[in-house]
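K.L.:
This structure is in structure tokens; I'll ask about it shortly.
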Amino acid sequence: MLLDTGYRPGPAAALRESLYRIRALANNNTLIRLRDPGQTISYVVMPMVLMLVLKPLYVRAVEGGTTKVVTGLLVMFSVFAISIAGNAILAERTWKTWDRLRVSRAPAAELLIGKTLPIYVVMVAQQTILLVYGCLVIGLPIPGNVPLVLGAILLWAFTLLAIGALLAAIVRSHGELSVITDVGALTLSSLGGALVPLSLMPEWAQVAAQASPGYWALEMLQAAVSGDAAGVVRPAAILLGIALVCGVFAIRRLTRGWGRGGLL
Amino acid sequence: MLQAIDLVKRYGPVLALDGFSLSVAAGEIVGLVGHNGAGKTTFVEIVSYLIRQDGGHVTIDGRPPSASRGRVGVAPQHIALYPSVTVREHLTLFGKLAGLRRAALDSAIEELTVALRLGAFIDRRTAALSGGQQRRVQAATALIHRPGLLLLDEPTAGADLETREAMLDVVKQRAGDGAAIVYTTHYLPELVELQATIAVARNGRIIARGTYDELVDGLPGEVRLIHDNEEEVRVSTTQPAATLIDLLGRAERPISTIEVHNPSLDDLYRSLAVSDAP
């Protein structure tokens, strides 16, 4: 007996079925993440070590050094985490599993949500852990406006996810992705003031910093940590714009699939 | 069930499909054969709605592929599985994506575990499986929701005997249940065993269609005998069995080797290539 009856559910049932499929996809991607956690762990542990080592330097060099060392390294290693998103999406292409999913009943939007949701959770968790560590171990004052900080983390993670998806959609191999994310992340985050306080950098670098998402993330997070809601608005808007542009392009590309034009 | 009419598909300067037409009825197995580059996989990808055709049209139960997502089971030519995910987890994922829940899902997994002989490695990660085992898992993910149309693109390529037997049994059973099946392969004997209608693709179109007997009727096979003194006799014949009996009856010396070659897929291609030539 064939189970495929061509049954079409009503709107409420369709929503339940959609959520059911998204949960199945998210579970599968969570399994994959949990079985290969090395990269995620290193992007949490490395900044913890660096925060401890660099804190005395920051405190002596700039005002508000503790905040700057915590937010700076948080931003830097969250930018590195773009490679987690990129590799996870690119792996579907390497394994040729993305086309298997595209043939299923799940439409493109469900596939993308199911794929990116666990990665998003990982990114948010990474930043939250580093911020909590910053408060408990490094001496960052506990933020007065926790929802504002959480909102900033959620937005920054969304931006990183969109950039990672975009990269995964356009690069042709894990090697290419690795070059772009490692060199790009280091350049963008340090140029944005994540490694060395911006005030200590050359003038040209301070001007160029504004082209870096890392710069705006740093602005947003430092404002959020200090409870400055007004200071969050401008960088948040810019990051949201970057996220939307990257996200829309990535969605268009991933929805269409790589076909035979992809080199993998 | 499946109707494809005059499909055209270009990849840059390459014309992959050039007026490709094929129909498959419910319960019918169509064996799609042809050399590499004949258009088989492109056809499968169009019906799966993975790529769009440049011309012609396709319907599945009267609807276009875009409206038939989930109603088609596809096992692509290349292995496409998650290396760190177990066989059971694969089946669960694809079953859930097709809308199967609890009892129906468990029952479908159980049925395929038996039918495709997955039991010994159901809880192992696919990266640890042999090529043949991975082939069976891939087929299982395509079959899990009992689709009305099955597209199996070289499902036994490089597979061992156990995989081939299991695959053919399941395909026959699903056709018996009413599924329309497109089965691409390079092995004619599989299609004979499946009692499939054979469609021969060449240069992006179907150039012949019929049963095995209809297509190979009149094509010469070969009978080869070697006597104990190493004298060799080769006879080209359209009736190998009768010719062999005749030769054996007339043999005056003991025979050390007997070989009978029935017409092969290559013989069929060659004959069609000749008849298709301008």
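Each Cβ is built from the backbone N, Cα and C atoms, and glycine gets one as well.
Below are the features I grabbed from TrEMBL:
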type	residues	note
DOMAIN	A:34-257	domain 'ABC transmembrane type-2'
TRANSMEM	A:40-58	transmembrane segment
TRANSMEM	A:70-91	transmembrane segment
TRANSMEM	A:112-142	transmembrane segment
TRANSMEM	A:148-171	transmembrane segment
TRANSMEM	A:183-200	transmembrane segment
TRANSMEM	A:232-251	transmembrane segment
K.L.:
Which sequence-distant residues neighbour the transmembrane segment (A:70-91)? Criterion: at least 6 residues beyond either end, Cβ under 8 Å.
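P.N.:
Cβ under 8 Å, 6 or more out: 29, 32-33, 39-40, 43-44, 46-47, 50-51, 54, 58, 115-116, 119, 122-123, 126-127, 130-131, 134, 138, 140, 156-157, 160-161, 163-165, 167-169, 171, 174, 177-178, 181-182, 184-186, 188-190, 192-195, 197, 213-214, 217-218, 221-222, 225, 254, 264.
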K.L.:
Which bits of the chain, at least 6 residues beyond where the transmembrane segment (A:148-171) starts or stops, bring a Cβ under 8 A of a Cβ in it?
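P.N.:
Contacts with the transmembrane segment (A:148-171): 75, 78-79, 81-90, 93, 112, 116, 119-120, 123-124, 127-128, 131, 177, 180-181, 213, 217, 220-221, 223-225, 227, 229, 232, 236, 239-240, 242-244, 246-247, 249-251, 253-254.
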K.L.:
Where else in the chain does the transmembrane segment (A:112-142) make close Cβ contacts, counting only residues six or more beyond its ends and a cut-off under 8 Å?
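P.N.:
Residues 21-26, 28-30, 33, 40, 43-44, 47-48, 51-52, 55, 66-67, 69-71, 73-74, 77-78, 81, 84-85, 88-89, 92, 106, 149-150, 153-154, 156-158, 160-161, 164-165, 225, 251, 254-255.
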